[in-house]
Amino acid sequence: MKKVQRQMKWLFLAASISAALPVSAAKMVQVDDPSLLEQALSMQARSIVPTQNGFQVVKSVTLPNGKVKVRYQQMYHGLPVFNTSVVATQTEKGIGQVYGMLAQQIDSDVVSTSPQVEQKQAVSIALTHYQQQNPSLTSADLVTENERAQLMVRLDENQMAQMVYLVDFFVATNEPARPFFFIDANSGDVLQTWEGLNHAEATGTGPGGNQKTGFYQYGTDFPGLVINKVGNTCSMMNSAVKTVDMKHATSGGSTFSYSCTDASNYNDYKAINGAYSPLNDAHYFGKVVFDMYKDWMNTTPLTFQLTMRVHYDSNYENAFWNGSSMTFGDGQNTFYPLVDINVSAHEVSHGFTEQNSGLVYQNMSGGINEAFSDIAGEAAEFYMKGSVDWVVGSDIFKSSGGLRYFDQPSKDGRSIDHASQYYNGLNVHYSSGVFNRAYYLLANKANWSVRKGFEVFTVANQLYWTANSTFDQGGCGVAKAAQDLGYNKADVVDAFNQVGVNASCGVVPPTENVLEKGKPVIGLQGTRSSEAFYTFTVASSTSAKVSISLGSGDADLYVKAGSKPTTSSWDCRPYKSGNNEQCTISATPGTTYHVMLKGYSNYSGVTLRLD
């Protein structure tokens with residue numbers, strides 16, 4: 001053997017990377033350069049890893065095709081760094097492809113991580129600020145729930161690293177809200193605020209239906225409800241979902257239970273505003289959403305039991321996710337009660353986004369956030385019914401048509417069809433049209449479907465999107481997810497291109513020689529340590545063999561998918577003496593495969609071939 005390589009555990013230091021790429025101040029950088037990873041790993045191999053710095057594992061995701069992806073969160077002295085994430089492919093050989101964003105040279109801006117403002121003070125500052133911005137609210141009116149403050153590091157719009165608290169809480173009033181704040185952890189200044197309550201403007205039917213959809217029965221027309229029964233009392237609760245009757249209040253509520261004295265366990269409480277039983281609707285649809293995520297993605301939409309709160313307030317024409325539960329109004333003139341499969345999946349999926357990518361609910365990231373929930377709503381409709389109408393809210397919208405449209409979002413008179421129509425401050429429900437249409441175009445391509453489209457968007461949410469992802473970054477994440485799943489990445493890039501989003505991840509078409517199947521390249525020569533690069537792609541999934549033969553001297557063959565191989569980063573490297581080497585790989589369309597010939601010694605007369 002020419003050399004023995006040591007497999008190293010994947011966990012590298014932010015400090016190591018900073019040393020590898022010297023800069024003068026904090027800044028965000030993209031991690032996809034194999035040479036950067038090579039430097040970081042090399043330095044890591046010689047270091048003792050401090051647990052408070054570097055990257056911590058957030059989750060490990062096993063894709064339906066068996067590939068294992070690991071997502072890491074950057075840490076600085078034990079604090080998470082906002083809007084950073086690195087994803088790596090775990091293979092039998094160790095770590096494969098890497099992609100993500102990290103912050104460099106934080107220590108040039110943040111010297112100490114001991115905050116001058118305590119956690120409770122940060123919450124109090126946020127509450128005071130919220131009340132000042134909403135003077136009509138008295139202290140007695142300001143009823144809050146789920147108060148949270150997390151200490152972290154972020155880079156502001158000027159690339160200045162700051163230690164901050166991310167504070168949020170739910171305001172339980174007739175006009176519910178969930179404000180978010182960045183509070184300076186030293187000065188107590190309010191640096192940024194945004195409204196994070198994930199409202200649903202479009203909804204659908206519930207168990208029993210409504211006057212528009214018609215009446216149907218669970219247990220006859222659809223499977224029965226999964227409930228809990230003790231004696232003659234039934235409760236709407238199971239391992240995935242509990243359903244709460246709010247009784248037209250804006251806070252409180254308890255799990256709905258009813259008398260059930262026979263085997264039918266029949267519940268018809270209660271008909272309202274043209275719907276036959278919104279409580280049944282919510283309970284059934286919540287379970288369907290959990291089942292879809294489990295069956296299709298081998299995951300759960302939430303890390304905790306879902307709470308579905310029904311009959312919220314009086315004549316409330318909306319639905320929202322407050323960070324821990326889903327809440328439905330009964331509608332009035334515009335809507336029937338807002339419980340249906342689309343809305344249930346939509347709002348629960350805001351929770352999924354919050355627990356995965358953490359997309360901020362404003363700007364482009366907010367549009368992606370809202371679109372993912374719309375996409376999940378259509379996916380759940382397909383999972384339940386076997387078909388979709390590509391319209392958001394048609395079943396519970398009392399007028400004709402719907403609230404949002406996938407095929408042409410601008411049909412609603414407000415949403416945009418193309419990224420070129422986006423402007424700062426555009427409502428996230430309207431900017432969602434860009435990703436909604438991209439999903440529609442992708443799902444309707446040959447060899448694609450509602451399910452496959454949902455899979456790539458979901459993996460992007462799990463692994464590649466970050467808090468402030470732009471449209472291009474979000475599209476790149478979906479393309480990378482398609483590649484991970486073995487789907488046609490080029491189809492994803494094309495779908496996003498049609499809506500003005502560059503999903504190519506900034507990849508420049510290769511300028512190296514392109515190999516063609518069955519057409520050998522002959523007479524190759526090089527000196528010791530020289531490197532020559534070639535690329536190839538395939539039109540359909542196939543077994544591809546790359547080989548070198550003949551000639552004198554010693555050339556080594558390297559092959560890697562997605563980026564140039566190096567001596568420490570490759571998918572195949574026979575590493576034999578002489579020039580008779582070959583690599584056989586399972587190639588998929590939409591991926592560029594890179595080939596390197598490296599001179600172990602001077603070589604000449606070598607033939608390179610793709611079969």
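Cβ atoms here come from the backbone N, Cα and C positions, even for glycine.
Taken from Swiss-Prot as is:
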| type | residues | note |
| --- | --- | --- |
| ACT_SITE | GLU347 | active site |
| ACT_SITE | HIS429 | active site, proton donor |
| BINDING | HIS346, HIS350, GLU370 | Zn(2+) binding site |
| SIGNAL | 1-25 | signal peptide |
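Features as recorded by Swiss-Prot, highlighted on the structure.
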residue: HIS346; record: Zn(2+) binding site; Cβ within 10 Å: 32
residue: GLU347; record: active site; Cβ within 10 Å: 29
residue: HIS350; record: Zn(2+) binding site; Cβ within 10 Å: 27
residue: GLU370; record: Zn(2+) binding site; Cβ within 10 Å: 29
residue: HIS429; record: active site, proton donor; Cβ within 10 Å: 22
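The separation of the residue listed as 'active site, proton donor' from GLU370 (Zn(2+) binding site), Cα to Cα, is 6 Å. Of the recorded residues, HIS346 (Zn(2+) binding site) and HIS429 (active site, proton donor) place their C-alpha atoms 12 Å from one another.
Taking CA atoms as the reference points, HIS350 (Zn(2+) binding site) and HIS429 (active site, proton donor) are 13 Å apart. Between the alpha carbons (Cα) of the residue listed as 'active site' and the residue listed as 'active site, proton donor' lies a span of roughly 13 Å.
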